[in-house]
Amino acid sequence: MELSETYACVPSTERGRGILISGNSKSDTILYTNGRSVVTLDLNNPLKVSIYGEHAYPATVARYSPNGEWIASGDVSGTVRIWGAYNDHVLKNEFKVLAGRIDDLQWSADGMRIVASGDGKGKSLVRAFMWDSGSNVGEFDGHSRRVLSCAIKPTRPFRIVTCGEDFLVNFYEGPPFKFKLSSREHSNFVNCVRFAPDGSKFITVSSDKKGIIYDGKTCEILGELSSDDGHKGSIYAVSWSPDGKQVLTVSADKSAKIWDISDNGSGSLNTTLNCPGSSGGVDDMLVGCLWQNDHIVTVSLGGTISIFSASDLDKSPFQFSGHMKNVSSLAVLKGNADYILSGSYDGLICKWMLGRGFCGKLQRTQNSQIKCFAAHEEEIVTSGYDNKISRISYKDDQCTNEESIDIGNQPKDLSLAPLSPDLLLVTFESGVVFLRDGKVVSTINLGFIVTALAVTPDGTEAVIGGQDGKLHLYSINGDSLTEEAVLERHRGAISVIRYSPDLSMFASADLNREAVVWDRVSREMKLKNMLYHSARINCLAWSPNSTMVATGSLDTCVIVYEVDKPASSRMTIKGAHLGGVYGLGFADDSHVVSSGEDACIRVWSFTPQ
């Protein structure tokens, strides 16, 4: 089985803080982080993605070495890992640099030194070290609070500038680096500092809405970005143009601005770029930016990445987005197998198209969390953690109608009957709720702890799984259930049940890592010994032709079984998703779509043996 497409997660963002993305001008790729993943994304083809997931803690920042061969990435534990940018991402070194989170790091132009800054938790807040040995190259005094950004002058004589939450901009000479002077021109957090490509100047931007330009060799103040047309909110990030004559800034006022920087260091506004936002709310605040070759990249708080062309700023930007949190549910739309709907637990539903990637976010009227969902043609049903079921009708990317129904209990699982679209069954801790046309018509207590559910498309039969590992088969008559049989095989609580598309079988899986395929008529096991996961099974899917079953697990693997062959002749994808697989679906008989804890969606192609 091989990976055919990855729809990448978007950068992790935080309200009130900027993110510092970086790139490699030779390969036209950018680097950003989400959770424990470091994502390398091609600006010319966002489907060309590589993900590094070896950090033990959430990664915060990543930078290419000057020659583009190595990447240094830092995480919240203060560790910096240096690894190969290509092929197998071989680890070169790992150093414990700070006692707390790393917020920024930079390579020196000769690729020999790295400076990192962040939160020292009472110890040093900045450290510069040799990239191969980790030995210190200087003392960095002068800061009293978290250091949000650092920069190394790209030309000799080397200089290091740092800035942070104590409103200070500190200047160090070296190597070995030592404190030279401090500037107190800003009156709020200083969020980002960057040197011009020729090293003659550097600029700092701050939450006081100011940008100040300094001499790169002496740290003397040269000028400011003009306040007449300035930002009306905190400035979170700044990036120089490749020729060093302009800078790009992004702000909480939802705009990006390009400034002309004169030789004497004053900045006048050239253009204001308005990134067309989707929400109109705080999610449109811009928190990160990068100017690389002809690409001007901005990132919003909601994770939307906009790519402008620097040579044609009037052209509307190419925009795409995705998930920031665990993608816990996934549905391949049967009527149109090219479309995939995915839901993450923060309440975001995205639409994807095979071969094209991101197609839009569904604009919901209520952004409640999503625990599980079911989709059918133009309707989605979701359940969260607030005892409510939401029925969402959508057309294109717009939700035309969203209604919430309080069922009085915490929903565990839900199932639609597509051929009887007014019927919806929802399980809770001790029973099942019938909903018809958006109203609760009956609540049935089943007398055991319920964990999973599946209903036939015509709404005449249901399988309900229990905490005790038993499968209860019921026939549905009107709004009541009649128990027909109890199947015993599982040794753990049932986690998921699915009927095959031809309705001749159903498959069940449990928290004790076993899956079973059952014949629906004889109620005998059709495929057993599906015991190849090493942790609980979270999700399960059938191929459209009903010959294959795929299972996804907390152990990060996806396993595809052919029903007519022994379980041992399985196909396995190891490490499909960092942190575990939570959503699965078949696009067709040779493509499996998976989603997981890493907020990514992947399409795998295979040939049945």
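Just so it is clear, glycine is given a Cβ too, placed from its N, Cα and C backbone atoms.
Annotated features, as they stand in Swiss-Prot:
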- 2-42: repeat 'WD 1' (REPEAT)
- 54-93: repeat 'WD 2' (REPEAT)
- 97-141: repeat 'WD 3' (REPEAT)
- 142-182: repeat 'WD 4' (REPEAT)
- 185-224: repeat 'WD 5' (REPEAT)
- 230-269: repeat 'WD 6' (REPEAT)
- 277-318: repeat 'WD 7' (REPEAT)
- 322-362: repeat 'WD 8' (REPEAT)
- 445-484: repeat 'WD 9' (REPEAT)
- 489-528: repeat 'WD 10' (REPEAT)
- 532-571: repeat 'WD 11' (REPEAT)
- 576-609: repeat 'WD 12' (REPEAT)
For the repeat 'WD 7' (277-318), sequence-distant contacts whose Cβ falls under 8 Å of one of its Cβ atoms, 6 or more beyond its ends: 10-11, 13, 15, 17-23, 25, 28, 30, 32, 43, 46, 233, 236-242, 246-256, 258, 271, 324, 361, 363
When counting Cβ pairs under 8 Å to the repeat 'WD 12' (576-609), the leader among 142-182, 185-224, 322-362: 322-362
Taken over the repeat 'WD 12' (576-609), the model's mean pLDDT: 94
Folded-back contacts onto the repeat 'WD 11' (532-571), same chain, C-beta under 8 angstroms, at least six residues removed: 1, 330, 337, 492, 495-502, 504-505, 507-515, 517, 526, 577-586, 588-589, 592, 594, 596, 604, 606, 608-609
Cβ contacts under 8 Å made by the repeat 'WD 9' (445-484) with residues that lie 6+ beyond its boundaries: 412-420, 423, 425-432, 434, 436, 490-499, 503, 506, 508, 510, 512, 518, 523
Chain residues outside the repeat 'WD 1' (2-42) and at least six past its termini with a C-beta under 8 angstroms from it: 48-53, 55-64, 68, 71, 73, 75, 85, 103-104, 148-149, 191-192, 234, 236-237, 242, 250, 282, 287-290, 292-293, 295, 297, 299-305, 321-324, 352, 354-355, 357-358, 578-579, 591, 597-606
Beyond the flanks of the repeat 'WD 3' (97-141) by at least 6 residues, Cβ under 8 Å: 20, 60-61, 63-67, 70, 72, 74-80, 82, 147-152, 154-155, 158, 160, 162, 164, 170, 172, 174-179
Other parts of the chain folded back onto the repeat 'WD 5' (185-224), taken as Cβ under 8 Å at six or more residues beyond its ends: 17-18, 20, 148-155, 157, 159, 161-165, 167-169, 171, 230-240, 242-244, 247, 249, 251, 259, 261-262, 264-267
Three-state composition of the repeat 'WD 9' (445-484), taking helix and strand from DSSP: 0 helix, 26 strand, 14 coil
Number of helical, extended and coil residues in the repeat 'WD 3' (97-141), per DSSP: 0 helix, 19 strand, 26 coil
Residue distribution over DSSP helix, strand and coil in the repeat 'WD 7' (277-318): 3 helix, 19 strand, 20 coil
Three-state composition of the repeat 'WD 2' (54-93), taking helix and strand from DSSP: 0 helix, 21 strand, 19 coil
